[in-house]
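*Asks:* Dropping a structure here in structure tokens format, bear with me for questions.
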Amino acid sequence: MKIVKKALQLYNQNLINVLILSVVIVLPLYMLEFLIRVGASQYFGIHNLEGVGSFVIIMTAITILILAQLPFISMSATSLVHEHVKVSDSIKVFFKYLLPVIGSTMLFIFATVAGLFIFVLPGLFLLILTVLHPYVAIVHNKHGGGLLRALLQWSRTSLVDVGIFVLMFMSLNVLLTAILTFGTSLATELSLATNIMQLFVNILILPLFVCVISVIYHNHIPESFETYEAANF
């Protein structure tokens, strides 16, 4: 497929940047997610509030997943227009959009939960929008109503493609995690080793996923990528 081929080229072209951003930003984010997960499990377990604890853990995991994409979205958006990408620019974009994206992610998560209670399909649709909205926020430099309008416009033309790749990457993540977890269990029974394997899979898969979605978005609105740098720097 042309999209996958172009995404792999984008990934390989920025491999050094991917490694640096993974160590500088993604690794600390997932370490924070691990600490929150362990703390929430223990705290809410002691108070017999496992349901609340599960919601906090899921909400944290989705938020961290969204935030971990930010530097790679910036990297991909720049690389699709210009060959040279500065790691420092991707880090600047991460901190610029950190708080706005946290706020919008929380709103999308609550809307997704409400949608799942009403019917499964609206919930899944909102979940996909939750994953996609930082691309619109960064490339278009939009928030609030403008972000939602641009996001819905993109979803009308690319939702099927995006949905297919989201399912593909979720399946790949589960498969790799299962294989590595099984291999790790043969060597050690430490739960920390399993968490490390999960972290490794996330760091490996996430940048490639961002490259694929960025290529799909670029095919949809290439002119937005031409003005991306002017909007952010």
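Positions of Cβ are set from backbone N, Cα and C atoms, glycine also.
Unlike curated records, TrEMBL annotations are generated automatically.
Just lifted these from TrEMBL, have a look:
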type     : residues : note
TRANSMEM : 12-32    : transmembrane segment
TRANSMEM : 52-73    : transmembrane segment
TRANSMEM : 94-111   : transmembrane segment
TRANSMEM : 117-138  : transmembrane segment
TRANSMEM : 159-184  : transmembrane segment
TRANSMEM : 196-217  : transmembrane segment
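On this model, are these features tucked inside or out on the surface, and what's nearby?
*Replies:* Panel annotation: around the transmembrane segment (12-32), residues 64, 67-68, 70-72, 75-76, 79, 83, 85, 87, 90-91, 94, 199, 202-203, 206-207 of the same chain, lying at least six beyond its termini, place a Cβ under 8 Å from a Cβ of the stretch.
Same-chain neighbours of the transmembrane segment (117-138): 62, 65-66, 69-70, 73-74, 77, 93, 97, 100-101, 104-105, 108-109, 111, 147, 150-151, 154-155, 159, 162-163, 166, 213-214, 217, 228, 232, counting only residues six or more beyond its ends whose CB sits under 8 Å from a CB of the stretch.
With a cut-off of 8 Å between Cβ atoms, the residues of this chain six or more beyond the transmembrane segment (159-184) that come close are 3, 125, 128, 131-132, 193-194, 197-198, 200-202, 204-205, 208-209, 212-213, 216.
Tertiary proximity for the transmembrane segment (196-217) is limited to same-chain residues at least six positions away from its ends with a CB under 8 Å from its CB atoms, namely 3-4, 6-8, 10-11, 18, 21-22, 26-27, 30, 34, 65, 68-69, 72-73, 76-77, 80, 132, 135, 139, 154, 158, 161-162, 165, 169, 172-173, 176-177, 180-181, 184.
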*Asks:* Go through the chain and flag residues at least 6 beyond the ends of the transmembrane segment (94-111) whose CB is under 8 A from any CB in it; none is fine as an answer.
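*Replies:* Non-local partners: 25, 59, 62-63, 66-67, 70-71, 74, 126, 129-130, 133-134, 137-138, 143, 147, 232.
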*Asks:* So if I exclude everything within five residues of the ends of the transmembrane segment (52-73), which remaining residues of that chain have a CB under 8 angstroms from its CBs? That is, six or more out.
*Replies:* 18, 21, 25-26, 29-30, 32-33, 36-37, 40-41, 43-45, 90-91, 93-94, 97-98, 101-102, 105-106, 109, 130-131, 133-135, 138-139, 202, 206-207, 209-211, 214
